[in-house]
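Participant: First, the structure itself, so that you have it in front of you.
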Amino acid sequence: MSGGRRVRVRWESVVPAGYSAVLTAVVVGPLLGSGYLLLRDAVSTPRSYLTDAALGLGDAAPRAVPQDAFLAALSPVVDGGLLVKAILVVALWAAGYGAALLARELLHVSVGPQLVACTVAVWNPFVAERLAQGHWSLLTGYAALPWTALAARRLRAARSWRAAVGGWGAMAAGLAAAGLTPTGALLAGCVALVTVGRRHLPLALLAAVAASAPWLAATFLSGAGAEPSDPAGVAAFAARAETGLGTLGSLAGLGGIWNGDAVPDSRTTPLAVLGTALLLILVAFGIRTVTSAGDRDETGIRRALLALAVVAVAAPALAATAWGVPVMEWLIVHVPGAGLLRDTQKYVALAMPAYALCAAAGSRTITRHLHAAAPDDSLVPAGPNAALVDSTDHHATVEDSRDAVSSSPTSTVPTTNTAPTGAHAPATTSSTADTQHESPDERTNLDRAGSAASRHAAASPTPSPSADDHRDAEFASATTNPATTPTSAGLGSTARESSSTARVLVPLLAIAFLILPLFDLAGGVGGAMRPVHYPIGWQRVAERIDGPGDVAVLPGGMFRKFPYSGKVAVLDPAPRMLPNDVLQTGRLPVRGMTVEGEGARATEVENTLLGGGSARRLAELEVGWVLVERSTPGPIGESARTLVGLESVYEDPHFALYRVSDPKVTPPRDAYRTIAILAHLLWVTMLVGGLLAAASRPTT
């Protein structure tokens, strides 16, 4: 590889990576200070514990597996809040950089369109709304989607067993990274299965199941996931129509989350319509290129991703219709584990890889159209060469073939003259080194044009030199030697400068049109994401819990509004703060209705407390501790009568901790814990081992 080629490859790798890092910093910058993420469903804590609930063996469905166990295992060594921030930053960066690489590998575009793909992946309503909802771990699955498609491309291109090992390593790592949450595992599994090809399909399915081992094992062992979910959750979590867009339009614009409070302010204004229109126009310009024929494997992956995007937008829209809701309700009641599907808008994430590809291709297509519309006769010498240059320019990739005209003085184009050197050697429109940035159909068109010109040259008799021939030779020499005729050189330079300007300006405008309508994604989704500081009482309560029994909490419910947590309700941090299992009902208030959870025992304990039940009843329900969180509103009912009969262990302005005497204790389920831990170890092995295999093996 020549020095210039190495510099170009390095440039095309570094710039998208750096740009993605900048976008990520702009989005999550405010969160990077000291403190912890505590926003709606997002809860990070200094230290968490490997309880049964963290392993997914509690009463509730294992929706945060293996996320909670992963943090519990590492937080004794690395602060849990720092871990969550690091995972979130890496996820957003990887989403952008992965989309850029996907565009480069499957479309062979230059840096500008790669940056457009990166912007689509990072700066969109899906990312904004899920961040505002606190679904930071879901974004790891989202980020893994382009990398999973790249792994499929690597597998399909492998020509040796060593390359195949590297491809499977990349696939395993992508699936495991996505598998930080059950939904993420499903997302990446879908991408893997539609892109990997028939030959690799069985092993890809096995890898997807292995990456899901932690939550599959927890579901099987605890039985919680096998219980039917509340069908009311279907309507509550259905995709929502945003301002002026309707449900389908909102989903097509990568928005439409069920919680109207978890959207940036810009999405409640006409900017939502403008941003969606600009995104879809850019995507539409690239669809033809993405679906065009070329390399068999690349074309198959591109088309599969585009088909998946159509389904990812259409299916949630259908599920939100008057007849779609009953169908989803039936599934959730009768199919074990179907509760994972109730938040259907999550699955619009599957459209991101195709959107990124189409946006990159659309940027390149617009650049080509602008260049084709501009007068560029100064680049084409008169005579029989004109037809050849015009033909190839209309089919070649503008980013590369035009650069070759100006940068390769040794290139040649077939002419009707037989002299190979001197004044009769005109310039070519493209160089061999740059053809890798042309799509396969573009290279085919170039080859056809060149072959046609060669046949024309062979069939045409070579005329004897005349005065006209000498003038043609002088003109050709002047176009390749600016020093001979400044006027011609100036015209050619102007056209080339116009082409270069379009190549820079079009991606910049595309990026601006993507960012500006959603301007308040910057600064932590308009300031919603900011670190909080927990009172020291949390640590002291955790230290006082030194005996058996689960923890019951007051006030009732799962959500809190602490003075330090901001204006919106947040999930109670107690389950991740305390060393014993904390009972939670799973009951969710959504859109003015209540969706029941799976925690039957937790519901009974809460009813006992709110009804002023006896301490003996709490002990029979295996409750060893009661924590009163004093600084948050919520129902406490007649719990004062119950607390009188309990032993006070700790008290401060924020908390009161009580001990329940002689709680009933179920023998520890050591075998279940062992199986669950082994499933988590399999997941970690896939993640770490896959990364090592992918990095150490050749790509082809």
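Any Cβ shown, glycine's included, is placed from N, Cα and C.
From TrEMBL, for reference:
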TRANSMEM  20-39  transmembrane segment
TRANSMEM  82-103  transmembrane segment
TRANSMEM  168-194  transmembrane segment
TRANSMEM  201-221  transmembrane segment
TRANSMEM  271-291  transmembrane segment
TRANSMEM  303-325  transmembrane segment
TRANSMEM  345-362  transmembrane segment
COMPBIAS  393-403  compositional bias 'Basic and acidic residues'
REGION    393-495  region 'Disordered'
COMPBIAS  404-434  compositional bias 'Low complexity'
COMPBIAS  435-446  compositional bias 'Basic and acidic residues'
COMPBIAS  449-461  compositional bias 'Low complexity'
COMPBIAS  476-489  compositional bias 'Low complexity'
TRANSMEM  504-525  transmembrane segment
TRANSMEM  671-695  transmembrane segment
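For the listed features, I'd like the structural context: burial, neighbours, distances.
Facilitator: Within its own chain, the transmembrane segment (20-39) is flanked in space by residues 45-46, 80-81, 84-85, 88-89, 92-97, 100, 118-119, 122-123, 127, 131-132, 134, 136, 521-525, 527-534, 565-566, 568, 570, 573, which lie at least six positions past its ends and keep a Cβ under 8 Å from the stretch.
Within its own chain, the transmembrane segment (82-103) is flanked in space by residues 16-17, 19-21, 23-24, 27-28, 31-32, 36-37, 42, 44, 71, 74-75, 109, 113-122, 127, 136-137, 139-140, 142-147, 149-150, 180, 352-353, 356-357, 360-361, which lie at least six positions past its ends and keep a Cβ under 8 Å from the stretch.
Outside the transmembrane segment (168-194) by six or more residues, the chain places 62-67, 70, 87, 137-138, 140-145, 147-152, 154-155, 201, 203-205, 207-208, 210-212, 214-215, 304-305, 307-308, 340, 343, 346-347, 349-350, 353, 683-684, 686-687, 689-695, 697 with a CB less than 8 A from a CB of the stretch.
Packing against the transmembrane segment (201-221) from elsewhere in the chain are residues 55-57, 61-62, 65-66, 69, 152, 168, 171-172, 175-176, 178-179, 182, 185-186, 188-189, 192-193, 336-337, 672, 675-676, 679-680, 682-683, 686: each is 6 or more residues past its ends and has a CB under 8 Å from a CB in it.
For the transmembrane segment (303-325), the list of distant contacts is 149, 190-191, 194-195, 234-235, 238-240, 247-248, 251-252, 256, 287, 290-291, 344-345, 347-351, 353-355, 357-358: same-chain residues at least six beyond its ends, Cβ to Cβ under 8 Å.
Only residues 6 or more beyond the boundaries of the transmembrane segment (345-362), in the same chain, are considered here, and those with a CB under 8 A from a CB of the stretch are 95, 99, 102-103, 106-107, 109, 113-114, 116-121, 124, 126, 130, 138, 141-142, 145-146, 149, 183, 187, 190-191, 237-240, 251, 254, 256-258, 279, 281-287, 289-290, 302, 305-306, 308-309, 311-313, 315-316, 510, 514.
Long-range Cβ contacts of the transmembrane segment (504-525) within its own chain (Cβ-Cβ under 8 Å, at least 6 residues beyond either end) map to 26-31, 112-113, 115-116, 119-120, 123-125, 127-128, 131-132, 264-267, 271-272, 274-275, 278-279, 282, 359, 362-363, 366-367, 370.
Listed as Cβ neighbours of the transmembrane segment (671-695) (distance under 8 Å, sequence separation of 6 or more from its ends, same chain) are residues 52, 55-57, 66, 69-70, 151, 165-177, 179, 207, 210-211, 213-214, 216-218, 221-222.
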